Amino acid sequence: MSYHGVPPGQSHLWSNREQGPDRLGRLWMALGLTLALALPNSLILWVPAGAHPLPAQGYPARLNRIEPQLRNTFRWWNLTCPVCKGLFSVIDLGLKQESNVARVGSIAIKFCNLLKIAPPAVCQSAVQLFEGDMVEVWTRSVLSPSEACGLLLGPTCGHWDVFSSWNISLPAVPKPPPQPPSPPAPGAPVKRVLFLTDLHWDHDYLEGSDPDCVDPLCCRKGSGLPPASRSGAGYWGEYSKCDLPLRTLESLLSGLGPAGPFDMVYWTGDIPAHDVWQQSRQDQLRALATITALVRKFLGPIPVYPAVGNHESTPVNSFPPPFIKGNHSSHWLYEAMAKAWEPWLPTEALHTLRIGGFYALSPYPGLRLISLNMNFCSRENFWLLINSTDPAGQLEWLVGELQAAEDRGDKVHIIGHIPPGHCLKSWSWNYYRIVARYENTLAGQFFGHTHVDEFEVFYDEETLSRPLAVAFLAPSATTYIGLNPGYRVYQIDGDYLGSSHVVLDHETFILNLTQANAPGASPHWQRLYRARETYGLPNALPAAWHNLVYRMRGDTRLFQTFWFLYHKGHPPSEPCGQPCRLTILCAQLSARADSPALCRHLVPEESLQDVHNLWPRPLFC
């Protein structure tokens, strides 16, 4: 499948220069700029591919492409700096009026329908859901007088710094020499950690409904019936753009016995379904409460440590930094999470959860767990247009936690939803530098979000050749899109004095939908594979995963095994040819966003740019 984006083009709204600069004309001018800058990314939020990370181009690339056109247009009008700032001051005031917000939404709906980005009903619902927040963001960022005029007329008229580069200061404490973990002694304790991610419960899932409907999400009420030549949605789920009924999640949690016992659970978010064009806050809170209660029911006293996904909010990906107050803030969500998860989290963790959706705690002596809110690194979080520099001070806080852990001699696990290689460039590069500095302290990183089974290797910044950390990206519980439901179990070096707390191995479990949906069948969750056994790994340390990538480059059969497991045992029918294979392998080495140098030894130099152009990629090549 491919991403559904808006093709670049010049808006006809810019052609009305002969008309007088009345208030309505200024609004139309603002709308033209607004749509040119933001509409493609806002629309991608509610089409099917928007659920997967990284649209084909991020904000910076789009702005670089249209910036010369915008500057030429405004210079054509002989727009002076004072007039420009006065104009956008009026625009800021005018856009925030309720009637004008609705007017912007009306035009956006027409664009959505004209470009056939989604069905008309989806266009209307989505725009109405997003318009208030989007206008608030645009008027505080892209359309603010300093930002807009700095973009259009140059740095002498203002400062355009949306998504500009920035750096986190690290403590002056010298970095200790690298100390790779020693293998645990035979018979040393081992912890089993259940990892759940991307559950995506669809309250309206309907067996027998059309799994290939026109909407971004199918297999549900409103999807209609399939034609007589095709089967309807299965009882336990479907290989299509569909999420899961509650009974499948109940089956997953009630059938965990053979995979256990578990010492703790990492749960990295994305609870609601992908019907992002019509979600209310009440819908999101119902999903949070229902699934949290389900997890607690089946896991009982086992401690559960959650992280915030990008689908928890509405509009989707809408996570304003803490300086945004009032009804636009995320207080409604973080407060509900704190109440729902209070039995699992200590007071100190609940405090930072309520402020910014992240926290730290100590599940065992010698181990610190840090749950990050990765929405503050997200390319799709439009609130970061206002200020993308270390939102909520989260990375600065992370450095403080890691330095304190290093001082105590503790090890650290990090959990989060969006993987660091899928983040905004500055955030991702800063995180990469932090991981390199604290490589002796960081024992594990665990993420989800992509719905597939992969990993990201980190390297030393000096040579980009010494593997020093690995982030594990576990597959989703949901079937979206075309996958088996699944979950992951990690074996971790256990709780004893001197434990490394590193991952020793991992296992992935799935529900084979073809078998489960057969007449008279019942669901049977089965182990799909063990990592070390399947890939012939000597251990699960970073160098082993680095070597696996290079082995797969030359071993087509090994890569096909990876490709099969990457899709949880249900790969697409289209083969993954050489460009696809190199792109997928490059992704496993790319824990730092927009950094093709990480693949320079994997990909021939003449092909490096082609592979880089394919990455970011859709779910399937």
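Just so you know, glycine gets a Cβ as well, placed from its N, Cα and C.
Residues or ranges marked as domain 'Saposin B-type' in TrEMBL: 77-161.
The Cβ of Cys157 (disulfide bond) lies under 8 Å from the Cβ of Cys81, Cys84, Lys85, Cys149, Gly150, each of these being in the same chain and 6 or more residues away along the sequence. Per TrEMBL, disulfide bond is recorded for Cys81-Cys157 (among others).
Sequence annotations record features per position, and here TrEMBL assigns disulfide bond to Cys84-Cys149 (among others).
Among the features that TrEMBL reports, disulfide bond is placed at Cys112-Cys123 (among others). Using a 10 Å radius centred on the Cβ of Cys123 (disulfide bond) and all shown protein chains, the other Cβ atoms total 23.
Here TrEMBL flags Asp198, His200, Asp270, His451 as Zn(2+) 1 binding site. Sequence-distant neighbours of Asp270 (Zn(2+) 1 binding site) (same chain, 6+ residues apart, CB-CB distance under 8 A): Thr197, Asp198, Leu199, His200, Gly309, Asn310, His311, Glu312, His417, Gly448, His449, Ser476, Thr478.
Per TrEMBL, the feature disulfide bond maps to Cys213-Cys218 (among others). On its own chain, Cys218 (disulfide bond) has Ser209, Asp210, Pro211, Asp212, Ala233, Glu238, Ser240, Lys241, Cys242 as residues at least 6 apart in sequence with a Cβ closer than 8 Å to its own Cβ.
Residue density at Cys219 (disulfide bond): 29 other Cβ atoms are found within 10 A of its Cβ, drawing on all protein chains shown. The annotation disulfide bond is assigned in TrEMBL to Cys219-Cys242 (among others).
For His449 (Zn(2+) 2 binding site), the count of additional Cβ atoms within 10 Å of its Cβ stands at 26 [all protein chains shown]. Here TrEMBL flags Asp270, Asn310, His417, His449 as Zn(2+) 2 binding site.
In sequence order, Pro391, Ile418, Pro420, Cys423, Leu424, Trp427, Ser428, Tyr431 are the residues of the chain that are 6 or more apart from Cys377 (disulfide bond) and have a CB within less than 8 Å of its CB. According to TrEMBL, the disulfide bond annotation covers Cys377-Cys423 (among others).
Neighbour count (other Cβ atoms within 10 Å of the Cβ, all protein chains): 17 for Cys580 (disulfide bond). Annotation source TrEMBL lists disulfide bond at Cys576-Cys580 (among others).
If you look up TrEMBL, you'll see Cys586-Cys599 (among others) marked as disulfide bond. Counted within 10 Å of its Cβ, the other Cβ atoms near Cys599 (disulfide bond) come to 23, all protein chains included.
Across the range of the domain 'Saposin B-type' (77-161), the DSSP-based residue counts are 62 helix, 0 strand, 23 coil. Cα of Cys580 (disulfide bond) to Cα of Cys586 (disulfide bond): a distance of 10 Å. The Cβ neighbour count for Asp198 (Zn(2+) 1 binding site), using a 10 Å radius and every protein chain shown, is 27. Closest in space to Cys112 (disulfide bond), of the recorded positions given as Cys213, Cys219, His451, Cys586, Cys599, is Cys213, taking the CA atom of each residue. Among the disulfide-bonded residues Cys213, Cys219, Cys576, Cys586, Cys599, the residue whose Cα lies closest in space to that of Cys123 (disulfide bond) is Cys213. A 10 Å cutoff on Cβ-Cβ distances gives Cys423 (disulfide bond) a total of 27 other Cβ atoms nearby, all chains included.
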